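**Student:** One structure, as structure tokens, below. Some questions next.
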Amino acid sequence: MANPPWSPARTPAFWILGGIGALSTLGVIGLTVFLAVSAPRAAAVSLPLAVVFAAFWLAALLGPVDPVERRPVWLVAAALAWGASVAVAVGAAGGYVTDLLLAKAIGPSFAAQWGPAIVAPYAEEIGKGAGVVLVLLMGRPYVITVWSGALYGAVVGVGFALAEDVSYALTAADDVLPDDAGAAVSTLLLRMAVPGLVGHPLFTATAGAGIAYAWLRRDRSRRHRLGVLAAAASGAALMHAVVNSPVAAGATELLATVPGSSAMAGYLLVVTGAAVPALRWLQRTRRADARALLAGAAALAPAAIRPEEVPILAGVRTRLASWWRIRREHGAETARGAARLSRAQLRLAAASVRPYRGYAPTGPYGPAPTVQWWLDEAVAARRALPQAAAAPPETGPDVASGRATTAVAVTTLAAAVAGLLCSPVAAVALAGAVALRWRRGRGRLATTAVAAAVAGAYCALATVLVNALFG
């Protein structure tokens, strides 16, 4: 007798997450309705803006950031709902109790100054981390890679940031004037821009990657897996503590005394410096997992995915560079055919590991219909391409492109560092980054310069936003 198909309703995590999530969602909805009734104009402006912000985050996470694996909508919705409901409730309750204990143990002044940096990271990260664990348990067949834990953790963080930002915005609407929509929008925009990328999605993505690593990497020793989990959880709490700490505010006040400096330069320098190791680790994890999935699909269907194409398909930048090369050498029509082939290859890799109607996608009776469909599509797209366009480039993505590119990279890097301290210079850094990409720089120094230029431009935009809202 055949085994019944897998279903999330047969897992205890489904009922735990559903029951606790339903109760917490009712509480969060009730609080939001109460705040919206007290400030209807502010709510009418802030709520749609917050939803657009969350939709942008989700589109980025499920699209360019995660091009290989396809995430089930119900699992993404569960992660988002947990972050916007249960995690917020756990963080608020735990933070309140811990803050009282800190005030009694050390003093009210210390708790008021350092409480957000000590209490909030642990209370909130525990609530969000528990949601990541339940989501991974509920969707076990869909959790193939360590990057899956990072992505679902980021979705939980998006839900948490959505609920928290809305509550802060609606509370700020009644601070000075009753139902002040301008104050609500200003608060919401500021919380979206600062810390921006270095916020709750990154915190929970780091912890989620550690949870998935400890669970999935059975080829490593238990001590190693638990060490990675402890390092990831500690890193998430540390980044959260730095964002909330008086150190970042003190750095802002210190650099604000320098003539011509950016208003948010000190804050962004501190919080970004703490986040760089986590960002680097997550980037390497995403690329390694994508290569592993694509290599498995290439072994399953060598006619659709060649081994030499795996490194190109695994990275967003490498795919775009390959597409531009084909467009430049063979024309727009051939480039569209290459894009069709890449899309079919990525969908094939995703379908080859995703359960089909509760069963494994491949087995003794042949591949699932979705696997076969994308396999045929990839083979047809390859046949429609000219032989020269289908071949990968001879130079890899890490090969430098000459002295001129190195000179532009060094200049861009120097201008970007200066742009972190002086907003007008960030425009020069951004122009240098554009010139660098125009020359198709591929070295490590080129990548570093582009990242620094983007950071400088982001600092300038954050400064303009702060000055426009509160200047």
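Just so it is clear, glycine is given a Cβ too, placed from its N, Cα and C backbone atoms.
Just so you know, TrEMBL annotations never went through curation; they're auto-generated.
The transmembrane segment feature in TrEMBL is assigned to 12-37, 44-62, 74-97, 142-163, 197-216, 228-248, 254-276, 413-436, 448-470.
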**Student:** At an 8 Å Cβ cut-off, counting only pairs 6 or more apart in sequence, do the transmembrane segment (142-163) and the transmembrane segment (44-62) clear the bar of 3 or more pairs?
**Tutor:** yes
**Student:** How about long-range neighbours of the transmembrane segment (12-37): same chain, 6 or more residues beyond its ends, C-beta under 8 Å?
**Tutor:** 43, 47, 78, 81-82, 84-86, 88-89, 131, 134-135, 137-138, 163, 166-167, 170-171
**Student:** In the same chain, which residue numbers or ranges, 6 or more beyond the ends of the transmembrane segment (197-216), come under 8 angstroms Cβ to Cβ?
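**Tutor:** Result: 57, 61, 83, 121, 124-125, 128-129, 132-133, 136, 143-158, 160-161, 164, 225-226, 228-233, 235-237, 239-240, 243, 271-272, 274-275, 278-279, 281-282, 285, 458.
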